[in-house]
Amino acid sequence: MSIKYVATSKLPTPWGVFAMHGFEDTETGKEHVALTFGTLSSDAPVLGRIHSECLTGDALFSLRCDCGFQLQTAMQNIAETGSGFILYLRQEGRGIGLLNKIRAYELQDKGANTVEANEQLGFPADMRKYDMIQPMLEQIGVKHVRLMTNNPRKVKAMKEIGIEVVERVPLQVGKNRYNEAYLKTKSTELGHMMSEYHFTDED
(Lines of atoms letter the chains of each structure in order from A and count residues from 1; the text may use other names and numbers.)
(Lines give C-alpha, C1' and ligand atoms only; values in the text may rest on other atoms or scores of the structure.)
Protein backbone atom coordinates (compact mmCIF):
# COMPACT_ATOMS: atom_id res chain seq x y z
CA MET A 1 0.00 0.00 0.00
CA SER A 2 1.28 3.44 -0.93
CA ILE A 3 -0.03 6.22 1.29
CA LYS A 4 1.03 9.74 0.35
CA TYR A 5 0.68 12.73 2.64
CA VAL A 6 -0.92 15.63 0.74
CA ALA A 7 -1.61 18.69 2.91
CA THR A 8 -2.74 20.04 6.29
CA SER A 9 -5.36 22.67 7.05
CA LYS A 10 -7.28 24.02 10.02
CA LEU A 11 -10.71 22.53 10.77
CA PRO A 12 -12.85 24.64 13.12
CA THR A 13 -15.45 22.48 14.91
CA PRO A 14 -17.94 22.93 17.76
CA TRP A 15 -15.28 21.45 20.08
CA GLY A 16 -12.35 23.55 18.95
CA VAL A 17 -9.96 23.92 16.03
CA PHE A 18 -8.52 20.63 14.81
CA ALA A 19 -5.83 20.19 12.17
CA MET A 20 -6.92 18.13 9.16
CA HIS A 21 -4.19 16.11 7.44
CA GLY A 22 -5.00 14.67 4.02
CA PHE A 23 -3.62 11.39 2.70
CA GLU A 24 -4.03 9.58 -0.63
CA ASP A 25 -3.74 5.88 -1.31
CA THR A 26 -2.05 6.11 -4.71
CA GLU A 27 -2.96 2.51 -5.56
CA THR A 28 -6.72 2.77 -4.99
CA GLY A 29 -7.34 6.52 -5.15
CA LYS A 30 -8.97 6.41 -1.70
CA GLU A 31 -8.52 9.56 0.36
CA HIS A 32 -8.09 9.33 4.13
CA VAL A 33 -7.92 12.02 6.82
CA ALA A 34 -6.16 12.37 10.15
CA LEU A 35 -7.59 14.92 12.57
CA THR A 36 -5.27 16.14 15.31
CA PHE A 37 -5.86 18.46 18.25
CA GLY A 38 -3.23 20.15 20.38
CA THR A 39 0.37 19.01 20.59
CA LEU A 40 0.87 15.27 20.16
CA SER A 41 3.66 13.52 22.03
CA SER A 42 5.73 10.69 20.57
CA ASP A 43 6.73 9.64 24.10
CA ALA A 44 3.46 9.78 26.08
CA PRO A 45 0.17 8.00 25.31
CA VAL A 46 -2.13 10.01 23.03
CA LEU A 47 -5.93 9.72 23.11
CA GLY A 48 -7.14 8.64 19.68
CA ARG A 49 -9.62 6.77 17.52
CA ILE A 50 -9.68 4.87 14.24
CA HIS A 51 -13.01 5.78 12.64
CA SER A 52 -14.33 4.24 9.44
CA GLU A 53 -16.43 6.48 7.23
CA CYS A 54 -20.18 6.26 7.78
CA LEU A 55 -22.00 8.79 5.63
CA THR A 56 -25.39 7.88 7.07
CA GLY A 57 -24.31 8.16 10.70
CA ASP A 58 -21.60 10.82 10.50
CA ALA A 59 -23.33 13.26 8.13
CA LEU A 60 -26.99 12.26 7.79
CA PHE A 61 -27.71 11.71 11.52
CA SER A 62 -28.86 8.11 11.10
CA LEU A 63 -30.04 6.32 14.23
CA ARG A 64 -29.46 2.88 12.65
CA CYS A 65 -25.91 2.77 14.01
CA ASP A 66 -23.75 4.39 16.67
CA CYS A 67 -21.07 5.75 14.31
CA GLY A 68 -21.98 9.42 14.33
CA PHE A 69 -22.36 9.43 18.10
CA GLN A 70 -18.96 7.79 18.46
CA LEU A 71 -17.27 10.30 16.15
CA GLN A 72 -18.71 13.32 17.93
CA THR A 73 -17.97 11.90 21.39
CA ALA A 74 -14.40 11.09 20.36
CA MET A 75 -13.84 14.63 19.08
CA GLN A 76 -15.31 16.10 22.26
CA ASN A 77 -13.20 13.82 24.47
CA ILE A 78 -10.05 14.79 22.57
CA ALA A 79 -10.82 18.49 22.89
CA GLU A 80 -11.53 18.17 26.61
CA THR A 81 -8.28 16.23 27.09
CA GLY A 82 -6.34 18.91 25.22
CA SER A 83 -4.76 16.71 22.58
CA GLY A 84 -5.48 13.66 20.47
CA PHE A 85 -6.17 12.31 16.99
CA ILE A 86 -8.76 10.61 14.81
CA LEU A 87 -7.85 8.56 11.75
CA TYR A 88 -10.87 8.88 9.46
CA LEU A 89 -10.69 5.99 7.00
CA ARG A 90 -12.76 5.86 3.82
CA GLN A 91 -14.18 2.38 4.37
CA GLU A 92 -17.91 2.97 4.10
CA GLY A 93 -20.21 0.17 5.24
CA ARG A 94 -17.42 -1.86 6.89
CA GLY A 95 -15.70 -1.85 3.52
CA ILE A 96 -18.55 -2.73 1.13
CA GLY A 97 -19.25 0.82 -0.09
CA LEU A 98 -22.23 3.13 0.17
CA LEU A 99 -24.57 1.57 -2.41
CA ASN A 100 -23.97 -1.94 -1.10
CA LYS A 101 -24.59 -0.58 2.39
CA ILE A 102 -27.99 0.69 1.22
CA ARG A 103 -28.66 -2.75 -0.26
CA ALA A 104 -27.71 -4.27 3.10
CA TYR A 105 -30.06 -1.87 4.88
CA GLU A 106 -32.86 -3.00 2.56
CA LEU A 107 -32.22 -6.59 3.63
CA GLN A 108 -32.14 -5.51 7.28
CA ASP A 109 -35.52 -3.83 6.79
CA LYS A 110 -36.78 -7.29 5.80
CA GLY A 111 -35.40 -8.95 8.93
CA ALA A 112 -31.70 -9.75 8.37
CA ASN A 113 -29.17 -8.56 10.93
CA THR A 114 -26.11 -6.55 9.90
CA VAL A 115 -23.89 -9.63 9.47
CA GLU A 116 -26.52 -11.68 7.64
CA ALA A 117 -27.21 -8.81 5.25
CA ASN A 118 -23.55 -8.57 4.23
CA GLU A 119 -23.33 -12.31 3.75
CA GLN A 120 -26.52 -12.41 1.65
CA LEU A 121 -24.88 -9.86 -0.65
CA GLY A 122 -21.78 -12.05 -0.93
CA PHE A 123 -19.52 -10.05 1.38
CA PRO A 124 -17.74 -10.95 4.63
CA ALA A 125 -19.17 -9.43 7.80
CA ASP A 126 -16.30 -6.92 7.96
CA MET A 127 -14.02 -6.13 4.99
CA ARG A 128 -12.08 -3.29 6.56
CA LYS A 129 -8.30 -3.17 6.48
CA TYR A 130 -6.04 -1.06 8.63
CA ASP A 131 -2.66 -1.16 6.89
CA MET A 132 -2.97 2.52 5.95
CA ILE A 133 -2.79 3.63 9.59
CA GLN A 134 0.98 3.11 9.93
CA PRO A 135 2.11 5.92 7.57
CA MET A 136 -0.65 8.15 8.90
CA LEU A 137 0.50 7.71 12.50
CA GLU A 138 4.12 8.21 11.45
CA GLN A 139 3.17 11.51 9.80
CA ILE A 140 1.45 12.85 12.93
CA GLY A 141 4.14 11.45 15.24
CA VAL A 142 2.17 9.04 17.44
CA LYS A 143 3.70 5.88 18.94
CA HIS A 144 1.69 5.25 22.12
CA VAL A 145 -2.10 5.36 22.17
CA ARG A 146 -5.09 5.41 24.47
CA LEU A 147 -7.48 3.99 21.89
CA MET A 148 -11.17 4.88 21.97
CA THR A 149 -12.85 1.77 20.58
CA ASN A 150 -15.04 -1.22 21.34
CA ASN A 151 -13.50 -3.19 18.47
CA PRO A 152 -10.67 -5.61 19.34
CA ARG A 153 -9.59 -5.71 15.68
CA LYS A 154 -8.55 -2.07 15.92
CA VAL A 155 -6.47 -2.77 19.02
CA LYS A 156 -4.83 -5.67 17.19
CA ALA A 157 -4.17 -3.52 14.11
CA MET A 158 -2.34 -0.96 16.23
CA LYS A 159 -0.21 -3.56 17.97
CA GLU A 160 0.68 -5.29 14.69
CA ILE A 161 2.36 -2.14 13.37
CA GLY A 162 4.29 -1.56 16.59
CA ILE A 163 2.03 1.02 18.21
CA GLU A 164 1.66 0.54 21.96
CA VAL A 165 -2.00 0.54 23.02
CA VAL A 166 -1.60 1.66 26.62
CA GLU A 167 -5.35 1.64 27.27
CA ARG A 168 -8.56 0.75 25.46
CA VAL A 169 -11.11 3.45 26.22
CA PRO A 170 -14.70 2.17 25.73
CA LEU A 171 -16.91 4.31 23.50
CA GLN A 172 -20.46 3.16 24.23
CA VAL A 173 -22.78 5.94 23.11
CA GLY A 174 -25.83 6.46 20.95
CA LYS A 175 -27.99 3.46 21.82
CA ASN A 176 -31.60 3.93 20.76
CA ARG A 177 -34.60 1.84 19.72
CA TYR A 178 -33.51 1.81 16.08
CA ASN A 179 -30.01 0.42 16.64
CA GLU A 180 -30.27 -1.79 19.71
CA ALA A 181 -30.43 -5.01 17.66
CA TYR A 182 -27.50 -3.79 15.54
CA LEU A 183 -25.40 -3.14 18.64
CA LYS A 184 -26.22 -6.59 20.02
CA THR A 185 -25.08 -8.16 16.75
CA LYS A 186 -21.83 -6.20 16.85
CA SER A 187 -21.24 -7.57 20.33
CA THR A 188 -22.30 -11.19 19.82
CA GLU A 189 -21.18 -11.81 16.23
CA LEU A 190 -18.43 -9.27 15.56
CA GLY A 191 -16.79 -9.45 18.99
CA HIS A 192 -17.14 -5.81 19.94
CA MET A 193 -16.53 -5.29 23.64
CA MET A 194 -19.65 -3.73 25.14
CA SER A 195 -20.88 -3.97 28.69
CA GLU A 196 -24.35 -5.36 29.32
CA TYR A 197 -25.74 -2.02 30.48
CA HIS A 198 -25.51 -0.81 26.91
CA PHE A 199 -28.36 -3.13 25.97
CA THR A 200 -30.76 -2.37 28.81
CA ASP A 201 -33.78 -0.18 28.22
CA GLU A 202 -33.30 3.46 29.08
CA ASP A 203 -35.68 5.17 31.48
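Using the three backbone atoms N, Cα and C, a Cβ is placed for every residue, glycine included.
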Problem - Listed co-binder of GTP (same site as R49, I50, H51, S52, E53, Q70, E92, G93, R94, T149, K154, source Swiss-Prot) among T36, T39, T81, T114 - result: T114
Practice task
Can you figure out which of C54, C65, C67, D126, R128 (the recorded positions) comes closest in space to E92 (GTP binding site), comparing Cα atoms?
Solution key: C54
Fill in the blank from the handout: With the fewest other Cβ atoms within 10 Å, the residue among the recorded positions R49, H51, R128 is R128
Practice task
Out of the recorded positions C65, C67, D126, R128, give me the one sitting nearest to E53 (GTP binding site) by CA distance.
Solution key: C67
Fill in the blank from the handout: Spatial neighbours of C67 (Zn(2+) binding site) among the recorded positions D126, R128, T149, using Cα within 10 Å, are none
